[in-house]
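**Q** The structure's right below; bear with me while I get my questions together.
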Ligand SMILES: Nc1ncnc2c1ncn2[C@@H]1O[C@H](COP(=O)(O)OP(=O)(O)OP(=O)(O)O)[C@@H](O)[C@H]1O
């Protein structure tokens, strides 16, 4: 409904002729709901009739049969508005743009000047006393109503009017305000009581009920403006006397039914079925290797299982029971599709794909070597690690005399490119007169052009195309026997590589092709897909999709032909955009459930993206002073928490007194021993003679530089540790890195300080503790870092040092159950204040160590 602007009547008598809108007696208020109308604000006339009782006030003017509604307006309001007109005008005109708060103040002061007489009327005083007596009984109701009122515009009117009745505006304080509000309200109520003899207590309740039932104004600009002004007018009017309430009767105004919440589950899936309903494997699902495959010839034979046992693989781990059967041939007629695997760190994903893959490749012809499988991993360390598992499997299958022994190569940039090329591809001459003629013709045609480009090789090239052309020209210059042409042959069946090096070989190694590849494995897939080093996917995937040599990817079982992709990670991405680049074919996702998943409903855990190893214990140590973080680290290293190896069976009995406060309660504070305490004195770092008793620790720092500095600082502060500490960063030469890992695995080294280089995939079977000295950069990074321990069903403990600014993210994201499934909550450990004070004794040594570190860095720069 719309309305139009009606100027205010100039004749005061018009107003008087208007019938009263509502009776002053509450019970007589007609229960008719007030129609909602849009109206315009009608400003009061600017004449100086401020003292006239008939000057019209701002009001809603209604049309279209709204006369009834107009009649229902309380007459009392109209009269009071008139009385207050001067105050309304003053505040309206002088401060139109002031905030509500300011308005409230100005209105309050204006009215206080004008209405002192009204406020101080002796009759009101009498009633105040009466109402105060009744207050206690109505109090509970009033409080409730007050809360409800505060949300509606009407309540603001009432609130303002209450304020304006304040006899002493300079007084402040919550308690006094409350009292005053009560008193003011009582004033209003008292007048009602005098007029209609309704018991005061009931009337207060009626009024509040009526107020709370008022319908919210319809949205609309004009109305909003109107409401504001009306509100203000109402405020001012209410300053004069008791709060004015628009009454609509006692019947509730019909309200629209609340919209019912839609709790139904959608009948359609937004995710593809394979992602929405993965194959879930429970943690306890280990089984003998011989259980896979419909018949022994399609699965793992008992002989192979025996050899696996001799290599330490007695039974298939849970994830292996889910993945291996999917990758083995079976009697299924359907084309077998790609497999994605999401399983905790250390759960045995590597064997889950190497075993069926190598079994398959060992079945192929003994006399031809083709590049059949590509395994792509992000780091050189992982390349070597996967190669060792592959070697194990190759050995197992090769023992069977009828099978061929697949050849494995690595491409990761640890050797020169040329060296890698020769280890991958063999050049040979084959008899092919037809091809020979074609080559001769082509070379003759090019020889004219070559006069211009002869010098190119010396001038160098700067684009890939030029480099490829240069390689081809070099190849063309090679002499062959008559009727023979140069042919290239793969020297390997399986290539384990980093993505960057793979791209280089595809582009620049003559004869390196993916035409025969039938397996593509992408380990640590989320990292490789997320970072897409050198756009490797764009280079590799198209080459796997085309069949330049017809039948090259054929398998004797037609449903196994083509390229099978196996994509794995402990933090597998569910991002379809990323997965799209892999061009998956009939994919299936296999998920290893966390230990808690069996107890909880599937829906609860489906939100949790990652699972931690079941036997991993986590703890977080608060670093109250970030400047002294290295001292906190040393204190932790010296504490019984670390010195007692994780999973030490004697731990609880040995240290009952010390560990009593640690428990599994994540909220419980427990003390880390200070270096000066009696207990720590009894447990210094083990001497080199007892090196095997020392725990093994992997400490993660945020960068290469921090890693090197921290390692040196630890050696300076704790010289006894120096022989047992080493570092691993991406700037460390590859051979040194390899030696460091080897020394750590053989137990010579006990502490490695590392960057995130070794956060993923690295298998350190003897690792007791992981310490996040610096906070990991993401939840996924945390999962991989802490997953270096507690692998293959072993126990392990992970520590995270957090400073105040890091606490929120750590506890809300990493340590919460939202994203990560874990069997135990993260334990909270805090160094007590007294023990922190003991750090003071160490500060001098710490500063000296820092100074020494600075000197050494300066000298190194000088030398460099
Ligand atoms: N069936 C098995 N029996 C005994 N040990 C096994 C078995 N399978 C794997 N392992 C061992 O478990 C350890 C972890 O395996 P692997 O490195 O494959 O884990 P992962 O799931 O790839 O971990 P990450 O996600 O950290 O790369 C290795 O030491 C491996 O030798």
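Cβ from N, Cα, C; glycine included.
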**Q** Tell me which of 529-568, 569-608, 609-648, 649-688 corresponds to the region 'Disordered' entry in TrEMBL.
**A** 649-688
**Q** Among the residue ranges 447-474, 475-502, 699-726, I'd like the one that TrEMBL describes as region 'Disordered'.
**A** 447-474
**Q** Restricting to the domain 'Helicase C-terminal' (689-837), what is the model's mean pLDDT?
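**A** On average, pLDDT over the domain 'Helicase C-terminal' (689-837) sits at 92.
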**Q** For a three-state summary based on DSSP, what are the helix, strand and coil counts in the domain 'Helicase C-terminal' (689-837)?
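**A** Summed over the domain 'Helicase C-terminal' (689-837), the classes give 65 helix, 28 strand, 56 coil.
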